């Protein structure tokens, strides 16, 4: 094979957006010669005439375009799901049905995290795994047309089974794109991955704005909105214990036609998300998928991939951080919306308040994704911890009242800033620490985050809000004790990205380079 044929073959495969030596291509097993060929081809690409520079520009625009497509698809999907999740504790408050459905969702995500992500990603590829996962989310919206135990619980299971593969595929896709772009630009993989996750969450987190805007505008047309008596206000906030709010007139369901209008709109934007990804997203791992089908790993090996990674002490040490992400998100969507907003203002205010969270979250995600390359992750994590710590203490002391309307919006805004750090930097941290086990790593991420959701939603109807806040505070403290251990180890012993060739292979690279140079002279 001459020099130009070798370089063209490498570039043709890179147009798929993935390096030949990535685990997604070769089933997770490293191949020394292919890794050397990858690095050498990148060198040749940089040294060849200007016609290859144009192709580099094409690669850059394609990677960025794919990030935008994934982000917009998730924006559309979670405009629907995020709006429904924020309303479950208030809209389907009878016997705790709404919160129970959320708990089932994240319990199902835990089960699916154990085996589904690697199987689906390797068989369908990241693109079609995302599409199938989105379809599972749409089924939950369909269940909310006629909410009941017989509709919400089965569709919650379906959503949960598709949730972990969806998020694992998204994280794998962005990590591959980030590493590929970093190799092209000569940058650190972690910096580009941080930027890509920042762009994703900047767009994605704005779904909380649009989904909640839809709910408030539609439910604001309800003619049954009543004033809240002072005696009812005494049970709001940290004073709430158990199901006191279940008898509150503010939790009365809106008119059924308004519920159907809202859920129908959510179904529409969910289907739109599936169409966006199906049509516009490049299948960067198409060749890896086809080769895997021809040389498939045993099922037991794929099944245990997620658990094998638990042998890595770094992953185990990150479990409190990952679970806290589930705890803090479930508190805002399940407890704050019900015991503060709905209790003191009414269900039609939930959307407006959560819009404030979404706006702050979206802007902060973009900012922190860009800022991380200058400050590193650790200062951002400690900033988020400080914000959450102050907010939890304030929520323990505050007694909500309609006369304090601006305060209802301040807490979600602060929570949105902190959550932006937890989401962008934790995702990026997993991508940096486990570059050769991306699918299993992100499956673990979803599994442990989902366990935080399950625990928080499970005790939601059994504990006083004051105790829930103390639990949240305790998990936060444990998180900030364990996380710095991993960060310090990574600082002292950086994990090499998959594009780097180990020193033991430099001799092989040198010999191959000489061979190619001699062919070039001929």
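From the backbone N, Cα and C atoms, a Cβ is placed for every residue, glycine too.
Automatic prediction, not curation, is the source of TrEMBL annotations.
Annotation source TrEMBL lists transmembrane segment at 66-84, 96-116, 128-146, 152-176, 196-219, 258-281, 340-360, 380-398, 405-425, 445-462, 469-486.
Stretch with the largest number of CB pairs closer than 8 A to the transmembrane segment (405-425), among 66-84, 196-219, 340-360, 380-398, 469-486: 340-360.
Sequence-distant residue pairs (6 or more apart) of the transmembrane segment (340-360) and the transmembrane segment (196-219) include at least 3 whose Cβ atoms are under 8 Å, placing the two stretches in contact. Segment contact holds for the transmembrane segment (66-84) and the transmembrane segment (258-281), given three or more CB pairs below 8 angstroms at sequence separation of 6 or more. Taking every listed stretch (152-176, 258-281, 445-462, 469-486) in turn, the largest tally of C-beta pairs under 8 A with the transmembrane segment (380-398) is reached by 469-486. Pairs of Cβ atoms less than 8 Å apart link the transmembrane segment (152-176) most often to 445-462, out of 258-281, 445-462, 469-486. With a cut-off of 8 Å between Cβ atoms, the residues of this chain six or more beyond the transmembrane segment (258-281) that come close are 66, 69-70, 72-77, 79-81, 83-84, 91, 127, 130-131, 134-135, 137-138, 141-142, 144-145, 211, 214-215, 218-219, 221-222.
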